[in-house]
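Input: a single structure, listed below in structure tokens.
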Amino acid sequence: MEAERPQEDGEQSLPQDDQGWPPVNSTARPWRSAPPSPPPPGTRHTALGPRSGSLLSLQTELLLDLVAEAQSRRLEEQRAAFHTPKVPPSLAPTPPRLLEDKEQLYSTILSHQCQRIEAQRSDPPLPPGGQELLELLLRVQGGGRMEDQRSRPPTHTC
């Protein structure tokens, strides 16, 4: 165990947990990194002193926690509040007559489709020589003969 060292004048005391570590952030996590262990023999010494894997993982955690906290704060700042205006009942729109509107739409579509189908229809083509046959019949029967065969409509006595 390390002996507690006295605080220097330039240091500020940070809140610590029961194991002597500063809190990572205000949210509780179900996991924590292990405290740094003394470096094994043959460990590299850097300008900042010996580095252990658990110390690096703690520093990485602290950095990631800072990044996550900054990003969540930034997201909260960008969040917009949405309030729906209250409409007085006198200005509220009347409920539409959905069934009648659907029936009207259906009948309109149906009539337009029927008109399109009728417009696309054409008379069937006459068989070869059919036109000549019709002209011959009209000539033989004569235009006046057809009129002679017509009957007069009955007269109404109302």
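Sequential numbering from 1, following the chain as shown.
Glycine residues also receive a Cβ, built from the backbone N, Cα and C atoms like all the rest.
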If you look at how Swiss-Prot annotates this chain, which of 78-97, 118-137, 138-157 comes out as region 'Disordered'? 78-97
PLDDT averaged over the residues of the domain 'GoLoco 3' (130-153): 78
